[in-house]
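Below is one structure; the comments refer to it alone.
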Amino acid sequence: MFLLPRFCLVCSIIGTFGFENPPTNVVSHFNDDWFLFGDSRSDCNHVVNTNPRNYSYMDLNPALCDSGKISSKAGNSIFRSFHFTDFYNYTGEGQQIIFYEGVNFTPYHAFKCTSAGNNDIWMQNKGLFYTQVYKKMAVYRSLTLVNVPYVYNGSAQPTAFCKSGSLILNNPAYIAREANVGDYYYKSEADFSLSGCDEYIVPLCIFNGKFLSNTKYYDDSQYYFNKDTGVIYGLNSTETITTGFDFNCHYLVLPSGNYLAISNELLLTVPTKAICLNKRKVFTPVQVVDSRWNNARQSDNMTAVACQLPYCYFRNSTSNYVGIHDVNHGDAGFTSILSGLLYDSPCFSQQGVFRYDNVSTVWPLFPFGNCPTAASIISSDLPICVYDPLPIILLGILLGVAVIVIVVLLLYFMVDNGIRQHYA
């Protein structure tokens, strides 16, 4: 208890001199082992190809363009490349992973498989997809997209009926009905294989509703069977609705192996692309920056829904996106968020990134890294610091020893002085 006045005095001195070390609203990294996935707002190659060269197009600081730590493509996103013919092979590796993409598949694009479809289902798909990606990249270093080879023994070819605007679905592939089959009540199969990666994220999708064709209604049914382990993954249509439904996707995490895609009704689907996950690492939360349009266009919050603690930290600006190149490119708030990539930081938390690991006036929530020893402020002037008890105990012991030494020395000199006076 005798340490408490000194303890509070130290905290008061820190507060007096203004060393508050607050969390900052940025994405950053502990060291040089990081990687960013993005779109045009961090696509240095897109900027280089514009004439004249204009870095105001980006939210990323141009000093990072030659870092080799960025995989970005103007007009694209990982979700868009995963499902559609508009493809870019996002590839990167790092201990600390940052995502700043997703805006290129939003309600603004209004995608739905058919004219009677539902874009809300695709927003749900987007959220489920990024949930798996963020969770897995907290424990894997490497992400890339790979093709999935498959063998279908029939003569029918994949159909491109699931399309809207410039977007054409090609993952999963939708195998058309064989010419000699009269309706959609038939069983169809295709072999596919996964090899070369530690794990894969693959789509398993169905039309969850009554699909009408030639006055008959069909219930979709799709399965993937692992021929090596005997495990089966499946979805069956459960809804009775006949309009307003669309392609519901689940995103399975599968091991390498030989698989059989099976359809018992409607059309056969088989994955053609997968997220390839490699090199397991010590759990390190990913960081996600909100990816949205200027308010003149409709955006969604699916990356925020997917980014949940403890595997993900979400960063956002409090204001509308207003770019300086155009309204959708070069926003000051998001440029500020990405500026944290210019330097190392020791601690990530729910509130933000801490620049220093000694003390702070804010207690880090869901901290990760070497975080400051601090707690909340109970008054505007006096932070109450909570330290590791070991240094406090050692300090107490040292102070106690110092007091004993001082007392002994005082007694010694008092006795010695008395003896001298006696002999004098």
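Sequential numbering from 1, following the chain as shown.
In case you wondered, yes, glycine gets a Cβ from its N, Cα and C as well.
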- Query: Going by Swiss-Prot, which one of CYS197, CYS205 is joined to CYS249 by a disulfide bond?
  - Reply: CYS205
- Task: According to Swiss-Prot, one residue in ASN104, ASN301 is annotated as N-linked glycosylation site; name it.
- Result: ASN301
- Task: Pick out which of CYS347, CYS385 Swiss-Prot lists as the disulfide partner of CYS371.
- Result: CYS347
- Please work out, from what Swiss-Prot records, which of CYS113, CYS276 forms the disulfide with CYS197. CYS276
- Item | Nearest of the recorded positions (ASN89, CYS113, CYS347) to CYS312 (disulfide bond), judged by Cα-Cα distance | CYS347
- Message: Please give me the CB contact count at 10 A for HIS329 (active site, charge relay system), counting all chains in the structure.
- Response: 20
- Query: Which three-state DSSP class does ASN236 (N-linked glycosylation site) fall into?
  - Reply: strand
- Task: Give the residue counts of the region 'Esterase domain 2' (267-379) per reduced DSSP state, in the order helix, strand, coil.
- Result: 16 helix, 34 strand, 63 coil
